[in-house]
Amino acid sequence: MAAATAMHSTALAGQSLVKPVNELSRKVGNVEARVTMRRTVSKSAGSDSIWYGADRPKFLGPFSGETPSYLNGEFAGDYGWDTAGLSSDPETFARNRELEVIHARWAMLGALGCLTPELLAKSGVKFGEAVWFKAGAQIFSEGGLDYLGNPSLVHAQSILAIWACQVVLMGAVEGYRVAGGPLGEVTDPIYPGGSFDPLGLADDPDTFAELKVKEIKNGRLAMFSMFGFFVQAIVTGKGPLENLNDHLADPVANNAWAYATNFTPGN
């Protein structure tokens, strides 16, 4: 009788121990399932978006024909166009994709930097020089270069010092983007997130997928814009807003075709 009672007590104790363990396993299993699902969703983000997958818009619309097999709509901005086969090699494709995104971001910042001083100057804000390609030349003037026209901010008189600061600042940003450093571990150097996304704009996978498309589309436009700013500076010697005003005032006399036909080499 005592032995039977002891065995019954042991069985009850075993059941009472198993219940919490099973409950814990169930909860942990659910957490792991949620984590796994969240990671899976993040990997396949954009699968329901019109900008991804086989049915995404192509570079020639319905006349695009068959696109290369390696352009399958997995990445943002893929319109199926690679006539020269520049991205047929997977490693080259990955490298070109990273270069395009990074150059697009710098171009967007550059375009903003070209337009903003000229726009502020037209609004009454005084600058030493508002035209973007003339501003840097002030460093060679007798008084040097004052940032925002204020000598109490940054007063620069050495082009080498400015060059060194640019290398350090831009190099630090790129280094943190690729290697992490003080900003934490980086799992994706193209979209590092973390401290590079303080507002948490990319927390939702679907929103993140759409933002990737918007970024690369605007970045490509910005790269073309910067190229146009360079050409305008060489041909007209004016800033982009001044060129725009001239074109709006007299579109026939101020356009690319008119300047091209009037161009004389050596003059």
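Positions of Cβ are set from backbone N, Cα and C atoms, glycine also.
Under a cutoff of 8 A between CB atoms, and with a sequence separation of 6+ in the same chain, the neighbours of F59 (chlorophyll b 1 binding site) are Y79, G80, W81. Swiss-Prot lists F59 with the feature chlorophyll b 1 binding site.
Sequence annotations record features per position, and here Swiss-Prot assigns chlorophyll a 1 binding site to W81, S87, E100, R220. The Cβ of R220 (chlorophyll a 1 binding site) has 16 other Cβ atoms within 10 Å, all protein chains considered. In the three-state DSSP classification, R220 (chlorophyll a 1 binding site) falls within a helix.
Non-local contacts of H103 (chlorophyll a 2 binding site) by the CB criterion (under 8 A, 6+ apart in sequence, same chain) comprise G219, M223. In the three-state DSSP reading, H103 (chlorophyll a 2 binding site) counts as helix. The chlorophyll a 2 binding site annotation in Swiss-Prot covers H103 and rests on similarity to another entry.
Feature annotation from Swiss-Prot assigns chlorophyll b 2 binding site to R105, V154, L183. Secondary structure from DSSP puts V154 (chlorophyll b 2 binding site) in coil.
The feature chlorophyll a 3 binding site is assigned by Swiss-Prot to Q138, L148, E215. According to its DSSP assignment, Q138 (chlorophyll a 3 binding site) is helical.
Its Cβ taken as reference, R177 (chlorophyll b 4 binding site) is surrounded by 19 other Cβ atoms within 10 Å in the chains shown. Taken from Swiss-Prot, the feature chlorophyll b 4 binding site covers Q166, R177.
In sequence order, K238, G239, P240, N243 make up the list of same-chain residues 6 or more apart from Q232 (chlorophyll a 5 binding site) whose Cβ falls under 8 Å from its Cβ. Secondary structure at Q232 (chlorophyll a 5 binding site), taken from DSSP and collapsed to helix, strand or coil, is helix. The chlorophyll a 5 binding site annotation in Swiss-Prot covers K214, Q232 and is backed by similarity to another entry.
What Swiss-Prot lists as chlorophyll a 6 binding site is H247, A256, and the listing cites similarity to another entry. The secondary structure of H247 (chlorophyll a 6 binding site), as reduced to three states from DSSP, is helical. For H247 (chlorophyll a 6 binding site), applying a Cβ distance below 8 Å and a minimum sequence separation of six or more within one chain yields N254, N255.
Annotated N2-acetylarginine per Swiss-Prot: R38, in sequence order, evidence recorded as similarity to another entry.
Among the features that Swiss-Prot reports, phosphothreonine is placed at T40.
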Could you tell me the C-alpha distance between R177 (chlorophyll b 4 binding site) and Q138 (chlorophyll a 3 binding site) in angstrom, no decimals?
32
When you average the Cβ positions of W81, S87, E100, R220 for the chlorophyll a 1 site, which other residues in that chain have a Cβ within 8 Å of that mean position?
G77, D78, Y79, D82, N96, R97
Just how many other Cβ atoms lie inside 10 Å of the Cβ on E100 (chlorophyll a 1 binding site)?
16
